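Here is the structure we will look at.
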Ligand code: C2O
């Protein structure tokens with residue numbers, strides 16, 4: 001079976017247009033399959049995912065159709081240019097929804113998370129603007145706001161018994177996440193590939209739309225069009241505990257499937273360093289957020305996630321925010337006792353069950369807020385919007401507050417104010433949390449056990465690894481570290497941290513000039529158990545802070561925090577930061 005390197009550099013410059021008021025039958029629209037993509041002359045993003053031409057029935061159908069159209073797309077041309085297949089990821093076909101899978105064993109889960117069927121799909125149009133919903137920080141929400149929130153969730157839970165097929169019910173809403181993340185949906189036209197909304201550029205838009213409808217449903221259930229979902233303000237020290245509104249056992253916001261050690265006054269460990277020192281945890285948290293929002297980011301896809309297009313493998317690579325604080329909160333809240341009944345880290349620690357914890361939506365409200373802050377507030381040299389049609393035209397299906405099945409596009413949710421909500425303004429204490437400059441330049445000769453990349457590749461992370469990596473050029477100050485072909489067991493919880501010229505080895509402390517960034521992944525099931533990802537970490541300000549721009553090489557220290565034995569890194573190199581296009 002030939003495996004071809006495909007990229008989605010070919011873009012639909014004339015994306016499909018749906019007549020906005022029309023309704024569509026539930027199954028995949030035939031027009032999807034006839035859409036031809038064309039090479040864009042204005043913008044390129046590479047998908048760089050491997051795909052297997054022979055094994056995908058959908059792809060062969062597609063090629064036949066292309067051949068039928070003749071012209072320049074001859075067979076030879078197609079085989080030589082597999083990227084001609086590139087298209088945005090399509091909304092799933094609910095009629096083909098299958099079982100979700102246990103992340104650990106790969107067996108079908110004892111849960112059915114497929115959504116109810118509908119007889120039509122409506123292309124969603126934003127309703128006329130009424131009033132802005134202002135999402136409050138959970139720890140600052142007023143009594144009245146909390147009471148409304150509790151009542152709305154209570155009514156949502158009630159639907160589970162009074163009308164289990166109502167798509168607005170609590171379990172139905174939780175199952176949306178399960179179906180989009182644990183292999184229940186295939187990509188339309190590609191039966192051998194899961195539809196996965198994590199570890200790629202679909203992460204932010206999928207969750208924004210998910211919460212948008214969730215919030216509107218809650219508002220509808222209590223007849224309050226101003227209802228706004230609180231956010232868990234874990235980027236501010238005052239919000240770095242589980243918000244107390246989720247911690248009352250008699251509240252509808254409570255969930256029993258959580259780590260019992262991480263409630264009350266326990267400080268959230270976004271970075272999974274497991275430090276026992278609360279002040280160090282806070283410092284690590286602020287450092288990590290500063291890093292994922294500013295320090296390690298060179299391009300829009302560094303922050304938002306790597307390109308993921310129709311017909312390419314899921315999990316091309318998470319963005320810095322998904323990869324960092326987002327995953328840390330899931331891990332921290334979920335159970336850790338794998339001998340008990342929740343051995344899959346339920347609820348928050350596994351994609352299939354995360355939506356069953358009301359705290360999930362409050363957590364994601366902050367994840368969404370971080371996107372807004374990154375895009376609208378931060379003044380950096382990084383372009384903020386991905387403009388590839390393969391991103392803009394990726395589609396999802398949700399049920400709205402009126403139980404209508406609607407189709408939305410990733411590109412239609414950039415501005416949350418147009419979606420009718422905004423966030424309470426709060427201090428951003430991480431904004432200037434740049435680690436202090438190192439007092440004296442590190443002596444690389446003090447770093448024992450450093451090996452050349454050639455002698456350690458592929459790098460297994462059973463234990464800490466130190467690799468000597470050449471800079472792209474002496475004096476080159478604007479560079480990034482590329483970790484490529486990161487192969488993980490996706491059924492395991494994974495985390496590792498990266499440091500540059502670290503002679504001190506204080507690995508519990510991230511608030512140091514040497515810290516360059518992290519990689520993390522929640523357990524999930526894909527058809528290919530081994531996912532391959534890549535990340536890039538910008539080094540520009542690390543260099544400044546440790547004074548190495550004029551050196552020829554640096555030592556990269558990679559510290560495993562969780563399940564390092566299930567990680568290998570196939571490539572490591574330092575390259576100049578690319579010219580500014582997302
Ligand atoms: Cu869809 Cu935080 O995960």
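The chain as shown is numbered from 1 upward.
Backbone N, Cα and C define each Cβ position, glycine as well.
Pulled from TrEMBL:
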- 177, 198, 207: Cu cation A binding site (BINDING)
- 326, 330, 364: Cu cation B binding site (BINDING)
- 11-27: compositional bias 'Low complexity' (COMPBIAS)
- 97-114: disulfide bond (DISULFID)
- 113-178: disulfide bond (DISULFID)
- 198-215: domain 'Tyrosinase copper-binding' (DOMAIN)
- 357-368: domain 'Tyrosinase copper-binding' (DOMAIN)
- 11-30: region 'Disordered' (REGION)
Cβ-based neighbourhood (8 Å from the centroid) of the Cu cation B site, residues 326, 330, 364 excluded:
207, 322, 327, 329, 354, 360, 363, 367
Mind checking which residues reach the domain 'Tyrosinase copper-binding' (357-368)? Cβ under 8 Å, same chain, six or more beyond either end.
135, 138, 153, 177, 204, 207-208, 210-211, 214, 229-235, 242-243, 246, 252-255, 257-258, 321-322, 325-326, 329-330, 333, 347-348, 416
Given the recorded Cu cation A site (177, 198, 207), which additional residues of the same chain have their Cβ within 8 Å of the Cβ centre, ordered by sequence?
180, 181, 197, 203, 206, 210, 351, 354, 364
From 97, 114, 177, 178, 207, the recorded positions whose CA lies within 10 Å of that of residue 364 (Cu cation B binding site):
207
According to DSSP, which kind of secondary structure is residue 198 (Cu cation A binding site) found in, if we only use helix, strand and coil?
coil
Pull the DSSP breakdown for the domain 'Tyrosinase copper-binding' (357-368) and write it out as helix, strand, coil residue counts.
11 helix, 0 strand, 1 coil
Could you check which of these recorded positions, 97, 326, 330, sit within 10 Å of residue 177 (Cu cation A binding site), going Cα to Cα?
none
Considering only the recorded positions 178, 207, 326, 330, which residue has the minimal Cα-Cα separation from residue 114 (disulfide bond)?
178
By CA distance, which of the recorded positions (113, 198, 207) lies nearest to residue 97 (disulfide bond)?
113
Reported as an integer number of Å, what is the Cα distance between residue 326 (Cu cation B binding site) and residue 198 (Cu cation A binding site)?
11
To the nearest whole angstrom, state the Cα distance for the pair residue 207 (Cu cation A binding site) and residue 113 (disulfide bond).
17
Rounded inter-Cα distance in Å - residue 330 (Cu cation B binding site), residue 113 (disulfide bond):
20
For residue 113 (disulfide bond), the number of other Cβ atoms found within 10 Å of its own Cβ:
24
